[in-house]
Amino acid sequence: MTTDTIVAQATAPGRGGVGIIRISGDKASDVAMAVLGHLPKTRYADYCDFKDAENAVIDQGIALYFQGPNSFTGEDVLELQGHGGQIVLDMLIKRVMEVDGVRIAKPGEFSEQAFMNDKMDLTQAEAIADLIDATSEQAAKSALNSLQGEFSVQIHELVEQVTNLRLYVEAAIDFPDEEVDFLSDGKIAGSLNRIITKLDSVQASAKQGAIIREGMKVVIAGRPNAGKSSLLNALAGKESAIVTEIAGTTRDVLREHIHLDGMPLHIIDTAGLRDTDDTVEMIGIERAWAEIETADQVLFMVDGTTTDAVDPREIWPDFIDRLPKNLGITVVRNKADITGEPLTVTQDHGHSVFKISAKTGLGVESLQQHLKSLMGYQSNLEGGFIARRRHLEALDLASSHLMIGKEQLEVYLAGELLAEELRMTQMALSEITGKFTSDDLLGKIFSSFCIGK
């Protein structure tokens, strides 16, 4: 960990009412003496002049001094709050850097120092960047929950449960004459199943948190001329796709990025799926399947004039069989303006079924509400936490090790192998909070932060 004293502008670049310069490190008190002529009382606002080396006033403002470890970074911290003109702030930073041992901070270095000094864990540090980058109220609330430790608490509870079970299993191994009795008495199996259930719940919440942060990818798929492009236009609120009566008009992937009550939604319109000898259309269909395989949800567009069915497997079994196993499906029966069907929303075989007219827009608002609910939209903004892809990957890895460990217990009564899988589970979970994390990963995470954070 660096021992340098770092400085950066904490407020956004450009013109503003107030501009803040943040200094952190052992030289913070030296900076105060050089720029202010005195060391402010700890944790008190001090209105004073900010002066250059010739004792000329650069600016006037408020100085705040926090003595480590009682500061954001855990080090001595000085904040200079002056006027928000960029020239003045640049002059002030230049003056601060005249003090020996002070350098410009790297992106995210203040948060990194806070992490290194155990002022926060890695999920909380990431939540700072996510709160700054939030594109919706729900994302901001979820990021704040993570910053306050909601996600961390869930992970710490899991790690503690896994650790306790691992200790129990290893104790059984230490008494080989009784090991089989320990492993088969049901206590270990019960504890393991409770951990798996808890992890499943955290995974579900984390997946929702990732969607809130990154947006949900929704692919509109179906046969040609089912109204996919009309639905894209209706959801986007503009003519993004060409719509004709000719089947196969859309031959490539069309993308629109919209917000529903601030929730980010990535809509993908795809080529109609059918057997064809047309080379260009075949390429479009291949791209359509590539998008489907990475989607969070599929809107299965059905031409309501061609069938009365609502069960997707009855409508097109080959299509359903090819979909990824855990991919969510929403059935959209289109052309209600022609069929005269009531604009209803029903559940059939575990799938939501919407009857709409993409052309006229009838029923589209209900579909939008459905998509918002899938993204985790809550009008009261309560609960939930933000999550990143790396968190999901670590949770998936932990789940995989637990399932392997369960097999070692139930099939082979192999205590040593179960203990090893529990150790690997513990490592995967601890990587989320940063207890066991490579320096390369830390560098990648913090380098994505703003300078001054």
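Including glycine, each Cβ sits where the backbone N, Cα and C put it.
Feature annotation from Swiss-Prot assigns (6S)-5-formyl-5,6,7,8-tetrahydrofolate binding site to Arg22, Glu79, Lys119, Lys453. Residues within less than 8 Å, Cβ to Cβ, of Arg22 ((6S)-5-formyl-5,6,7,8-tetrahydrofolate binding site) and separated from it by at least 6 positions along the same chain comprise Val7, Ala8, Gln9, Ala10, Val77, Leu78, Glu79, Phe110, Gly452. DSSP assigns Arg22 ((6S)-5-formyl-5,6,7,8-tetrahydrofolate binding site) to a strand in the three-state reduction.
What Swiss-Prot lists as domain 'TrmE-type G' is 215-376.
The secondary structure of Ser229 (Mg(2+) binding site), as reduced to three states from DSSP, is helical. Per Swiss-Prot, the feature GTP binding site maps to 225-230, 244-250, 269-272, 334-337; the stated evidence is sequence analysis.
The K(+) binding site feature in Swiss-Prot is assigned to Asn225, Thr244, Ile246, Thr249; the stated evidence is sequence analysis. The Cβ of Asn225 (GTP binding site) has 23 neighbouring Cβ atoms from other residues within 10 Å, across all protein chains displayed.
Look at Swiss-Prot and you will find Ser229, Thr250 tagged as Mg(2+) binding site, backed by sequence analysis.
When averaged over the domain 'TrmE-type G' (215-376), pLDDT in the model lands at 88. Looking at Ser229 (Mg(2+) binding site) and Ala271 (GTP binding site), their Cα atoms lie 9 Å from each other. Calculated from their C-alpha atoms, the gap between Lys119 ((6S)-5-formyl-5,6,7,8-tetrahydrofolate binding site) and Lys228 (GTP binding site) amounts to 50 Å. For Lys335 (GTP binding site), the same-chain residues lying six or more positions away in sequence with a CB closer than 8 A to its CB are Gly227, Asp303, Gly304, Thr305, Ser357, Ala358, Lys359. Other C-beta atoms found within 10 angstroms of the C-beta of Lys119 ((6S)-5-formyl-5,6,7,8-tetrahydrofolate binding site) number 19, with every protein chain shown included. Taking the Cβ of Glu79 ((6S)-5-formyl-5,6,7,8-tetrahydrofolate binding site) as centre and 10 Å as the limit, one finds 21 other Cβ atoms among all the protein chains shown. Cβ neighbours within 10 Å of Ala271 (GTP binding site), excluding its own Cβ and spanning all shown chains: 27. The highest number of surrounding Cβ atoms within 10 Å, among the binding-site residues Lys228, Ser229, is found at Lys228.
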